[in-house]
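TrEMBL annotations:
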TRANSMEM  6-29  transmembrane segment
TRANSMEM  41-59  transmembrane segment
TRANSMEM  71-89  transmembrane segment
TRANSMEM  122-138  transmembrane segment
TRANSMEM  158-178  transmembrane segment
TRANSMEM  190-209  transmembrane segment
TRANSMEM  221-242  transmembrane segment
TRANSMEM  254-272  transmembrane segment
Amino acid sequence: MDSHSQVAVALALSLLGGLSTSLGALFVVINPAPNLKMLGLLQGFAAGLMLSISFFDLAHNALNSLGFLKGNLWFFAGVVFFGVVANFIPEPTLAPTSSDKSRKKNGDEGGKDIMKKHRRQVLFSGIITAVGISLHNFPEGMAVFLGSIKGLRVGLNLALAIALHNIPEGVAVALPVYFATQSKWQAFKLASLSGFAEPLGVIIVAYLFPSSLDPEILEGLLGSVGGVMAFLTLHEMLPLAFDYAGQKQSVKAVFFGMAFMSASLYFLSISLPEDMSL
């Protein structure tokens with residue numbers, strides 16, 4: 001198979017992974033609007049996905065490649081960077097006490113009031129999830145390309161494993177966006193765009209990626225991305241989950257999300273040949 005055929009096959013396989021994110025979004029848009037507690041549980045689940053990617057994938061690889069000290073320095077550089085950026089993001093105004101009172105008085109009307117007050121925060125959390133998942137999907141696209149060079153069977157196995165674990169990622173992006181915008185199209189669009197980071201990864205590694213880029217810097221940058229994602233998750237997504245679903249239920253959802261993503265990462269890792277890694 002020549003190089004153009006390899007790229008074409010890898011693109012087709014990575015599109016399979018990318019489109020499964022759209023499939024997850026489709027589950028959200030074809031169902032009637034779920035309740036606020038469901039939104040909170042999904043936020044908790046998404047937070048678990050993000051924390052697992054951050055600690056068990058990106059930071060873990062940076063620590064292994066660069067050593068404990070350097071890996072941690074890169075990770076916390078990402079935390080500090082976004083900690084500074086977060087200071088310039090205006091906080092949404094929340095009034096949980098009055099919302100609780102109005103909910104008792106007005107039933108569903110109170111729920112709508114809460115949603116209006118939190119709408120910007122919910123949308124922001126959906127965008128955070130989309131960005132985080134895009135960054136995670138990007139190296140997956142590279143892995144599909146490298147896997148398909150090894151052979152069609154390897155590339156196909158990897159693409160199928162990635163496709164399966166991208167479905168809940170699509171749900172995690174689409175649900176908060178749908179709640180915030182009330183637009184099924186916006187929810188579907190943003191979730192689908194996060195999936196298309198995968199074929200983009202194929203294109204960049206195949207044509208544009210500079211062979212001169214120091215692998216140590218690349219690992220460090222990915223470690224920093226892990227720090228950014230961990231900060232965003234704990235700063236934005238977890239408080240939302242607590243607001244909507246309560247602390248106990250949200251924490252269970254977080255660990256369920258972490259377990260799900262850890263299992264996904266494990267099955268992805270055993271799909272790869274020994275001399276390759278995600």
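Just so it is clear, glycine is given a Cβ too, placed from its N, Cα and C backbone atoms.
Tertiary proximity for the transmembrane segment (158-178) is limited to same-chain residues at least six positions away from its ends with a CB under 8 Å from its CB atoms, namely 13-14, 16-29, 33-34, 38-39, 42-43, 45-46, 49, 122-123, 125-127, 129-130, 133, 137, 140, 143-144, 147, 184, 186-188, 190-192, 194-195, 198, 240, 260-261, 264, 267-268, 271-272. The listed stretches are 41-59, 71-89, 190-209, 254-272; of these, 41-59 has the most Cβ pairs under 8 Å to the transmembrane segment (221-242).
Same-chain residues lying 6+ beyond the ends of the transmembrane segment (190-209) with a Cβ under 8 Å from its Cβ atoms: 3, 7, 10-11, 14-15, 17-22, 24-25, 28, 126-127, 129-131, 133-135, 137-142, 144-146, 162, 166, 169-171, 173-174, 177.
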